[in-house]
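J.: Following this message is one structure expressed as structure tokens.
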């Protein structure tokens, strides 16, 4: 029963992670699309923080029951939400589209209709030859891959151990501290997204992550113990052994770099790949394209989580985090070279940019 519940929960989360950003991007007007699109990630990290807090006072059975409350509210409230005007226009349901715009915006003018005929095209592999399709595909998939290759799951994995080495009385407090940092900086990103722009925040976020993962690797290098004759490495024990004789000040280097990384990730590489995924694809390929991007993200998260321990055995902990730092550098360079600014543009203008119109 537990495995079945986890399977259904994973299926629902996968669908929601695909549909929610797209729905929000299609109902929001350009001036606030960044704010509302970033709220997807803000609600995710807020839910994680609330789960951490609830876990202090509830046993797991009641925690699972509590988890039923938000989706129940969502199911109820979505019954009163209209279909997106862009989708209704693509189906030539102009009256319904006007009513949806009146409900969502308070007025029914100023909507730029999708290009004629585009909504009737089905996705074909041959369309990947078109710059308006393959460019967004490359950008969306690459952003999702770089997000996971940044080492965010590895940093989260070591959070409690690092706080223990810094002599926190209650190392479980690490989860709450991490959650609070995520919420605060994701909220900050949401508030400034439509003023600062996506490219700037991605770049600054990447630079912060480069320095913090480099510092993380330096911490592990400085606390590295002597060589071992064992071919198997128990990684949590390895970290504990390596830092056993390290003073608290050096442990605070790890705490500081971890908090800096989480803050940097929350400002840019946490919310923005999901936001851009919902913005850059033309209407007729959006379903397939966003599905491929979400699949890439979850697959890379699975791969990194599964193989990071083996990677640390081969490269040692400091080498693994320095490798993550290198991926962060590649992410910054990719952003500067390939990612367009979508701030203040309609979805049709973004599509026209990729098509060279």
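Heads up, residue numbers simply count up from 1 along the chain you see.
Glycine too: its Cβ is placed from the backbone N, Cα and C atoms.
All TrEMBL annotations are machine predictions without curation.
Small disclaimer: the values here were computed from a predicted structure and weren't measured.
Heads up, here are the entries from TrEMBL:
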DOMAIN    1-343  domain 'Major facilitator superfamily (MFS) profile'
TRANSMEM  6-23  transmembrane segment
TRANSMEM  35-54  transmembrane segment
TRANSMEM  60-81  transmembrane segment
TRANSMEM  137-159  transmembrane segment
TRANSMEM  171-193  transmembrane segment
TRANSMEM  200-220  transmembrane segment
TRANSMEM  250-269  transmembrane segment
TRANSMEM  281-300  transmembrane segment
TRANSMEM  320-339  transmembrane segment
J.: If I count Cβ-Cβ pairs under 8 A between the transmembrane segment (35-54) and each of 6-23, 60-81, 171-193, 200-220, 250-269, which range comes out on top?
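T.: Most Cβ pairs under 8 Å with the transmembrane segment (35-54) come from 171-193.
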J.: Any contact between the transmembrane segment (6-23) and the transmembrane segment (281-300), i.e. 3 or more CB pairs below 8 Å with pairs at least 6 residues apart?
T.: yes
J.: Could you tell me the mean pLDDT the prediction assigns to the domain 'Major facilitator superfamily (MFS) profile' (1-343)?
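T.: Here the mean pLDDT over the domain 'Major facilitator superfamily (MFS) profile' (1-343) amounts to 82.
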J.: Which stretch from 60-81, 171-193, 250-269, 281-300, 320-339 shares the most C-beta pairs under 8 Å with the transmembrane segment (137-159)?
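T.: Between the candidates 60-81, 171-193, 250-269, 281-300, 320-339, the best contact partner of the transmembrane segment (137-159) is 320-339.
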